[in-house]
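**Q** Below you'll find the structure I mean.
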Amino acid sequence: MVSVFRSEEMCLSQLFLQVEAAYCCVAELGELGLVQFKDLNMNVNSFQRKFVNEVRRCESLERILRFLEDEMQNEIVVQLLEKSPLTPLPREMITLETVLEKLEGELQEANQNQQALKQSFLELTELKYLLKKTQDFFETETNLADDFFTEDTSGLLELKAVPAYMTGKLGFIAGVINRERMASFERLLWRICRGNVYLKFSEMDAPLEDPVTKEEIQKNIFIIFYQGEQLRQKIKKICDGFRATVYPCPEPAVERREMLESVNVRLEDLITVITQTESHRQRLLQEAAANWHSWLIKVQKMKAVYHILNMCNIDVTQQCVIAEIWFPVADATRIKRALEQGMELSGSSMAPIMTTVQSKTAPPTFNRTNKFTAGFQNIVDAYGVGSYREINPAPYTIITFPFLFAVMFGDCGHGTVMLLAALWMILNERRLLSQKTDNEIWNTFFHGRYLILLMGIFSIYTGLIYNDCFSKSLNIFGSSWSVQPMFRNGTWNTHVMEESLYLQLDPAIPGVYFGNPYPFGIDPIWNLASNKLTFLNSYKMKMSVILGIVQMVFGVILSLFNHIYFRRTLNIILQFIPEMIFILCLFGYLVFMIIFKWCCFDVHVSQHAPSILIHFINMFLFNYSDSSNAPLYKHQQEVQSFFVVMALISVPWMLLIKPFILRASHRKSQLQASRIQEDATENIEGDSSSPSSRSGQRTSADTHGALDDHGEEFNFGDVFVHQAIHTIEYCLGCISNTASYLRLWALSLAHAQLSEVLWTMVMNSGLQTRGWGGIVGVFIIFAVFAVLTVAILLIMEGLSAFLHALRLHWVEFQNKFYVGDGYKFSPFSFKHILDGTAEE
């Protein structure tokens, strides 16, 4: 149970492993996930480390696996493993490399063959369409001249005047071009050839598949008639520039028909070959999909092990690997057992050796968590990772955080919706975890599902205390107020009811108030009262002050446990005690006055109740001559004066005494060190040849050096300034933090008012509509009301209350005892590496 409230006790050990057993031992520690390795090669470049070649081989295997994953994407479903395979031995890497490289080579060859076949299929398909279109065009060859003259082709307007032997020399080029380039192609062709060409094109009916990008492309078939070799060269250059594919097209119709038949035969053969190639490729992908996840885990584990081995020192002479590890003391037995398993797996005869190392380096902070407490621990760590072995605020945050959130968010209707959402995530967490989405917003909500669960439960509780459910009160037990006695004694009558705009119930009249308060929460009659806000504001404001001061005092008390654990007696006397005196004499007394007034002033004497605010102000001014504000109790002046004097005394108590005591202690240690040095010098002069004297000389010198080091670290000015900052921060912080807790009242008021406005402006208007239109309209209005409730009151207001609760815990609560300057324990864990949650 100790580890729940304080971080785990850690141990730094030096680990000696035989070279042959190092890999297996590190792998077993990775499976265990309880050891953090220190990098002993910080000054060595990553490319100069011992196992850099093995890491590169693993990265090469990862590249092959990424290639296989890309090939399988959207085609083959990878078979996930329920249980992670064990880390492969180093000799198994060669087998894995052979299998993956062979599979990669076969798949690349299949892809290249398939791409080449599809390219041939594309070209033959284009040629097929081209031959069909040119055949259709040449069938109208007899009317070609008429077509020329009907087109706006001024360069060939004199074609009828040209002799027959000249017209017979017209040449043509046929090809295929992308449809989006057709307009530019036609325009450039016209300008460069100055209109001395005849262009005719036709759109291909079906889209074609690009063999490289595998995207569908739309193409056009064109045929260009020209006269002369120069025009032919220009047209070919333009076609090359626009990446148009030019195909040979024979002039005789018989040859074109024969060529078309040949193309159709080749296409049929090509389709058969492509089908066989695709079947072979699918078989390769199926083989890869069956083992891909297992291969990936094995490669990642091997790579992680070699990364850890690169952080170790290797003693070539002794043939051993030296590592330094942090681990929890409570898990030492499990770690030794894992090392023994690694030794047995490797077949080594030398057992691993663990020796404890003393270090001045602060150990890492390790707080054990589960899926319930992890969210609360993350809230604490987001502010700062706790110092080693200091009090962990997370166990207290489990209760205080959702409670303070609920104080601001208190509405049992909204809390129920939040509770149902959290329960849905919790009940379906296995299915939702298996989806492994990258949506950060969803992951944030899902990882905080237990936090949302508690926030919903506490919101229902505070909502029942406020008697607030979607801005309406619940009359469960019946009101403790009655109107009839006001009429019986004649206070109210018909004339009063006609003349008065508001009527006020007088609890001093017998029977108006039954004397027994509402069994749980606030009486529902306050929801009808016009002075509801006045009553609730007073109640919530005082409640916020009480909760805030109680939490701050609790934080100061927790600092006592830190001082006791670290044996800081000086801090207990000179820091904790004056801090408690200051906060209790001032703000603890304020809580006492609030509760005292609640208990001692009932409805019969409430008219003469004094003002707590005026009493609290006069307390600091030592002003007790105000006769208009009666004292709360006897001897109030003496008690309050004593409290103020004690609070004033506690300030120099915190500020001055500790720095001077530390300076006196430092001077005393320096004086003792100088005396030891003098005695050692006299002994050396008496017998300089004695071995014991030389040993004493070394001991005294070491002691003096250590004290000198300590003396250099001590600086009275720094200590005094630090203590002054702490004192000022604490004294002013108590005042500002108490005021900061009033956000509990402000946020609760804002939430209640927004909820009431939403009900009045939206839902109430739908409920007041009568007739058939009202029946239909209420469904529409309820949908609008539900959407606005979720969007504004649950998400926006919920996020606002969440952030304010964070602020109250991080600043107002944790600064009383929590240092938070540690660093997180980051164990070498295969589970974290495979999940992608490993710390860098």
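Heads up, the Cβ atoms here are built off N, Cα and C, so glycines get one too.
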**Q** In terms of membrane topology from Swiss-Prot, ILE525 and LEU632: same side, yes or no?
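**A** The record shows them together on one side of the membrane, with a shared topological domain name.
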**Q** Could you tell me which of the ranges 174-203, 444-473 is annotated in Swiss-Prot as transmembrane segment?
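**A** From Swiss-Prot, the annotated transmembrane segment range turns out to be 444-473.
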**Q** By DSSP, how many residues in the topological domain 'Vacuolar' (598-642) are helix, how many strand, and how many coil?
**A** 23 helix, 0 strand, 22 coil
**Q** Can you give me the average pLDDT across the topological domain 'Vacuolar' (474-538), rounded to a whole number?
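**A** Mean pLDDT across the topological domain 'Vacuolar' (474-538) comes out at 82.
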**Q** Which one of these stretches, 412-428, 444-473, 577-597, 774-812, has the most C-beta pairs shorter than 8 Å to the transmembrane segment (643-662)?
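**A** Selected stretch: 577-597, with the most Cβ pairs under 8 Å.
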**Q** So if I exclude everything within five residues of the ends of the topological domain 'Vacuolar' (598-642), which remaining residues of that chain have a CB under 8 angstroms from its CBs? That is, six or more out.
**A** 507-508, 513, 589-590
**Q** For the transmembrane segment (728-752) and the transmembrane segment (539-558), does the number of C-beta pairs under 8 Å, pairs 6 or more apart in sequence, reach 3 or more?
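**A** Counting Cβ pairs under 8 Å (6 or more apart in sequence), the transmembrane segment (728-752) reaches the transmembrane segment (539-558), since there are 3 or more.
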**Q** Six or more residues beyond either end and a Cβ under 8 Å away: which residues meet both conditions relative to the topological domain 'Vacuolar' (753-773)?
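**A** That would be 411, 414, 468, 470-472, 780-782, 784-785, 788-789, 792-793, 797.
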**Q** Which residue counts does DSSP yield for the topological domain 'Vacuolar' (753-773) in the helix, strand and coil classes, in that order?
**A** 19 helix, 0 strand, 2 coil
**Q** Residues of the same chain, at least six outside the transmembrane segment (774-812), with any C-beta under 8 angstroms of its C-beta?
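**A** Beyond its ends, the transmembrane segment (774-812) has Cβ neighbours at 379, 383, 393, 397, 400-401, 404-405, 408-409, 411, 414, 417-418, 455, 470, 548, 551-552, 737, 740-741, 743-744, 747, 750-751, 754-755, 758-759, 762-763, 765-768.
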**Q** Short question: which residues 6 or more past the ends of the topological domain 'Cytoplasmic' (429-443) have a Cβ under 8 Å from it?
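**A** Distal contacts: 449.
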**Q** Please spell out the DSSP helix, strand and coil residue counts for the topological domain 'Vacuolar' (474-538).
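**A** Helix, strand, coil within the topological domain 'Vacuolar' (474-538): 22 helix, 3 strand, 40 coil.
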